[in-house]
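Report on the following structure.
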Protein chains: 4
Amino acid sequence: MCANKLTMPIPEYLSEILESVRANTAGEVANYIPELKKADPNPLAIAICTVDGRIYSAGDDEVEFTMQSISKPFAYALALQECGADQVFDTVAVEPSGEAFNELSLDGSNRPMNPMINAGAIAINQLINGSDSSVEDRVEKIRKYFSELAGRELMIDRRLTESELVGADRNLSIAHMLRNYGVIDDDAHDAVLSYTLQCAIKITVRDLAVMTATLAAGGVQPITGKKLIDTKVCRLTLSVMASAGMYNEAGQWLSTVGIPAKSGVAGGLIGILPGQLGISTFSPRLNAQGNSVRGVEIFKTLSDDMGLHLMSTEPVAVHAVRTITEKDGVTTIRLQGAMNFSAGENFLHEIQQHQFEGEMVVLDLSRVITLHPMAMRMIKEGLKRIRDAGFKVAIVDPDNVLPNFTFSDGTLCAQLASERDL
Amino acid sequence: MCANKLTMPIPEYLSEILESVRANTAGEVANYIPELKKADPNPLAIAICTVDGRIYSAGDDEVEFTMQSISKPFAYALALQECGADQVFDTVAVEPSGEAFNELSLDGSNRPMNPMINAGAIAINQLINGSDSSVEDRVEKIRKYFSELAGRELMIDRRLTESELVGADRNLSIAHMLRNYGVIDDDAHDAVLSYTLQCAIKITVRDLAVMTATLAAGGVQPITGKKLIDTKVCRLTLSVMASAGMYNEAGQWLSTVGIPAKSGVAGGLIGILPGQLGISTFSPRLNAQGNSVRGVEIFKTLSDDMGLHLMSTEPVAVHAVRTITEKDGVTTIRLQGAMNFSAGENFLHEIQQHQFEGEMVVLDLSRVITLHPMAMRMIKEGLKRIRDAGFKVAIVDPDNVLPNFTFSDGTLCAQLASERDL
Amino acid sequence: MCANKLTMPIPEYLSEILESVRANTAGEVANYIPELKKADPNPLAIAICTVDGRIYSAGDDEVEFTMQSISKPFAYALALQECGADQVFDTVAVEPSGEAFNELSLDGSNRPMNPMINAGAIAINQLINGSDSSVEDRVEKIRKYFSELAGRELMIDRRLTESELVGADRNLSIAHMLRNYGVIDDDAHDAVLSYTLQCAIKITVRDLAVMTATLAAGGVQPITGKKLIDTKVCRLTLSVMASAGMYNEAGQWLSTVGIPAKSGVAGGLIGILPGQLGISTFSPRLNAQGNSVRGVEIFKTLSDDMGLHLMSTEPVAVHAVRTITEKDGVTTIRLQGAMNFSAGENFLHEIQQHQFEGEMVVLDLSRVITLHPMAMRMIKEGLKRIRDAGFKVAIVDPDNVLPNFTFSDGTLCAQLASERDL
Amino acid sequence: MCANKLTMPIPEYLSEILESVRANTAGEVANYIPELKKADPNPLAIAICTVDGRIYSAGDDEVEFTMQSISKPFAYALALQECGADQVFDTVAVEPSGEAFNELSLDGSNRPMNPMINAGAIAINQLINGSDSSVEDRVEKIRKYFSELAGRELMIDRRLTESELVGADRNLSIAHMLRNYGVIDDDAHDAVLSYTLQCAIKITVRDLAVMTATLAAGGVQPITGKKLIDTKVCRLTLSVMASAGMYNEAGQWLSTVGIPAKSGVAGGLIGILPGQLGISTFSPRLNAQGNSVRGVEIFKTLSDDMGLHLMSTEPVAVHAVRTITEKDGVTTIRLQGAMNFSAGENFLHEIQQHQFEGEMVVLDLSRVITLHPMAMRMIKEGLKRIRDAGFKVAIVDPDNVLPNFTFSDGTLCAQLASERDL
């Protein structure tokens, strides 16, 4: 039997979901931008990308549309990357605003409440490439960065931008108020132009799924394998999406869908399951809150069907200790997977339960994917206690997941090239 | 070597953390309740409980203190359990209030903004045991429920209650306003008495760690193994803790600490890592926001050290497929752990890559802990496709994690008692 | 022809006005108090009282109803009278709240925004008779004071009070919050009882017209002639009625009706033309803002018809100088009316224009009603300049409106018992 | 004795007031406009103008400064004059905003809260000369209108305008938001330019006193005698100054000073005593609320000293009936002054008290200045009742203050050219 005959049922499942919402024609396409108003309201698409880079999609997955507010979290990540968290936090707060997407919400320090509302997003855009950057240089930097995240060259819809700028009074009002409070320095019209061009970058649901999966994967673009975002930046970006991504429905979204998300008025919607998946949908009709009607419906279904809720309390299966075997007086403990605190606790618990015999204990780390410093400390401490109990100990670490082999008392642990080296 | 010689380093680590914050004597004990004002400001304690029921603690872990606002999420869970989500949502919303803990925040429908502020908590308290319950019956129900969650009989500090009631003007103001808007029916003084008694239930950090771990474990009390809370109720409770648990610092807490949490003015603080851990600390001095100063510091350290941030994008190690082995024409696929969507996707991906040979394929589910419906569907679909490709298929499911053996086309899959039955 | 045959057309005019609005049955009687809900919605009455004590009325002018919020300005006047402006301002601010009548509006110093909202009115009530007064003593003091203002013994509707107290959750909520912020010290229930009894004092439109005319007349009860309120207290009371008396329609009321006013939920409405009139209406059906529908309509008509608008720019006829006559070398200047700055300016202007002849100038003050200190200074200065120009001067002041006869240079002006004394 | 020797003591009094506040150098000149920042902080001036056109001034009464926000009430009057109250009310509300002078305050209908905040003032400016007017045409219209009010050709400080436009981000923010809500149609930059030019019109305190006196005089410029503003427009303008002229101190200002007022950041301050006076002061140092420090102090002193408080309850002296004399069977009733409702009531009361004898009654209106329709009705009705009691009646009305001589029953009253005609 050849592999390609075993077709994946996931795209079929995604198609089923699309069909289940296709009849819902409630809502209206965004009407405050003339060009958006002309948009075909019917396209419907979904895409999922795993952190391993496998993409599944269904529907109109090759139709391009503009990112609009979906650009906000990615620009936020870029600003954090360029300027560091301190400067970004000094400029824009991270509290839920409880307000609609384009209100002017400043906190007591005259900072925009968060980077997911327009006031915050315009301020974030201005941080990128330095406040003295030309509009074109800044936008080009953003376009290139987004292109790297998507894994292909993205284009800007400049006709839409022109259309948007005609009715950009809200954003101009916000930009002038930001200037007034010294949050931004640039000319207000340039600031709005710069932000509007960022919003007009065109993508498909497949692009968005990959970009979003990059955030889910701690910044590693899952197709190209390039590390594009720091892990901490990913965490901060997801946090603000979770608390403020869905405008004044943040709490309800967290209760019912339970994943960090962001929507755009062109009809896009993205959601992230950290460490697992990036998801995106496209359907241009919007509800009163400015979110895609069918997109929201799909996300609710996905969350229920697929158990994606972040607050899901399904016990995370911790199989840190793959096996403990004994042969010829050598006990081999094989660890596997991503070693975090819970994995470390699992390891310590397992060795505490185990009746060690013979003279030597070998810890095989060759199947460990990532090793959190806390878990590393726990593993070393456990191994040291085995040693202190009278056993010889050694480590097999072919991929160098362990930065050094020094125990907490300064002594060194022996290494083996492989288990077979014994 | 005997197991009890291998002492666990975790309590030592917890002690270290306590020592690292002990010198911080900033903040003041709550001063608005005379009895709380008299509290010793010095105790310092921490406890962690895994979903498997292993408890680690350090410091003054046997000192009792009152739950205060920490009772809110557990009472919310009890109300959801008793009345269902619909009635609870009709009474109290789930949006962040952006306000201090005792403000009167009603939304456009005159519902308190969320159950973590006093207005919401008083309304939630009134839902428990029916609105026509006597105060004593309601409070006894809550006390018993909390006792079951803690795994021991908890007591109410009635002297503190009396002290609190003397200065309960804010809560009385809130209760009268709730009555005015028809949110509660009971006498305002009874409502405040009932809520105040709920707040005065006495616990230790170890109790709190176990109670919190019950939420983390999807409602299964990890020590007694009793299923006390529905999975969905856990999810809703954690969601509202994440979005509104830390008052007007919700967004900042989510960015920097990143776990659902709740604090109480007696100095307690709890945090939850869904599916993994319940954590609690105790230190009575409070910051301006009414949160334990050293508690917040500990949680920040823990989150950094232990990698507990919910938005952590460390790839979740998915080892759904433990092994695929072939022997005598029979290919055995062994699944393990909690099977969610990602695990299902991992299974489908693995069988697509695999070159099946021989005549029969056996799927061994004996190491599967939980099986999400979506994963079940994916597993069945994958197995059916192997069958459709010409193999005989059979399932080993000794723990009946699979509710039925019917494929999507109505045909039945064969079962084996164990792999050895072949 | 005998005087009593010349009937006054004013009551006829008032009757006409009542008929013009009688068909308007829009609105509902207040429904939040069971007893008020039972009220007959049909009565319709109006009364006007001049500062000289002439009362005109029409319609159901003998029907009693409760004062409700109309008690607020009179209680405010009593508190100002008892405690002085400083203590009252420390307790309650005077800014418009822009909110409905029973909201809890505290300013940055935790003071109620103004004494016309319930929070402010409850705080004001507590100031009366000292904060340690019993409820009965305080209410009796208020009842007696209001009775003196009305010129007859007023009674309290205690059955209504009981009915109100049953549903007094809003006021209890407010009272507890005031206690919480230290604005009031008394038990919250006592505070609400005390305020509710104040609101339940029963009056007719004729009573209200007299009470209101007392405020209009600078505190002199126009029937009994007793000075019951300081002039400054009247001014402060009218000011706060003008800026905050009509809830969230303060600005619109000032533009369209233009007189200080206050309404009560039992259907009463009072308005004041300072120095001229007190007006009151009664019609129990209320609009959405809680103001009497027909009452508001009547006031709009009255304001237009009668030219009562405070911002009316009709030139105030200043005939301060009644006549200047010359006989036998003596020029007599006769002043009349209330001498304010404008009157003083008129006097100075007239004497500047006049060609004085002869040797002596007599200033006759016998027709002067009141003499403002500024006008007094201007008159003396004018007279002194006449003297300095070479004339003998003397004053006729039979009613002693001038406290002394010393010029600004210390010299004394001669007095005459009457003009005839020359 | 010649008239010019009797110098007026009023300017001396004004000088005294200036000296009493001169030492107060608290506050700072406006610093948000570079050109204003350079202003000399020391000038100090005051002017008063009566509705009869007599001007008194002291201090630096010839120093020119820009109107700034003082232009708001006059532009409001012009817009009301041009567009009518309905269109103006549809565009801008009249409720106190409780906010600082340059906040963006829109009500539930997206109307600026009132015309005294910048949002309202920019919207009002746009109504003048039609929304399709060029900036220059609109500003020229305003400049000419203001010049007519002042009685001399006023100029615009265009250098200051340029300086203001550089830092006009707040106003630009407001203008864009107004455009966004459809409150204004014009280009935002043009709207701000137009408003800024209006603010930059240069005046002295004497100009302001005359302009303000025009409002006080019901729209008649007191020097030129031209009727420039409708009486109703004056009333609406004064109303909004009273309720919203002093920013977030409206209530306190009404309590303590008690006259409609408006301040400008260049240091000007105007106040109006309807029907009597216009007052203006100039002193550039501002308090935290943006009001002239010494200006506020002067107004408080003036209000106390001169008894200007609108809520002053000094009985308005009503001497409507100058004399009633009888000679040769003819009783002559001589009325005088401005006949309003109170005057009418006084007339009716007097004739009711009078014992008429003889055969004829003559009513002499030759000393009546203005005759309110209500008073007219009362006078006619009184006269008709005298006639109905059996007397012949006639009217002397040389100035035609009575538009017709028809009684309420359709009969005609006789007229005499003068009393002497009998």
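Cβ coordinates are placed from backbone N, Cα and C, and glycine is handled just like the others.
Feature list (source: TrEMBL):
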type	residues	note
BINDING	B:Ser69, B:Asn118, B:Glu164, B:Asn171, B:Tyr195, B:Tyr247, B:Val265	substrate binding site
DOMAIN	B:320-396	domain 'STAS'
Of the residues in the domain 'STAS' (B:320-396), how many are helix, strand and coil by DSSP? 29 helix, 34 strand, 14 coil
Let me check the 10 A CB neighbour count of B:Ser69 (substrate binding site). How many other CB atoms are there? 23
Within 10 Å of each Cβ, count the other Cβ atoms, then let me know which of the binding-site residues B:Tyr195, B:Tyr247 comes out lowest. B:Tyr247
Over the domain 'STAS' (B:320-396), what is the model's mean pLDDT? 87
Subset of B:Glu164, B:Tyr195, B:Tyr247, B:Val265 (binding-site residues) with C-beta under 8 Å from chain C: none
Widest Cα span across the substrate binders B:Ser69, B:Asn118, B:Glu164, B:Asn171, B:Tyr195, B:Tyr247, B:Val265, in Å? 21
Would you count the other C-beta atoms found within 10 angstroms of the C-beta of B:Asn171 (substrate binding site) for me? 26
Under a three-state reduction of DSSP output, how is B:Glu164 (substrate binding site) classified: helix, strand, or coil? helix
Long-range Cβ environment of B:Glu164 (substrate binding site), under 8 Å and at least 6 residues apart: B:Ile33, B:Glu35, B:Leu36, B:Thr196, B:Cys199, B:Ala200
Here the 10 Å Cβ neighbour count for B:Asn118 (substrate binding site) comes out at 25
Local Cβ density at B:Val265 (substrate binding site) - other Cβ atoms counted within 10 Å: 24
DSSP three-state assignment (helix, strand or coil) for B:Val265 (substrate binding site): coil
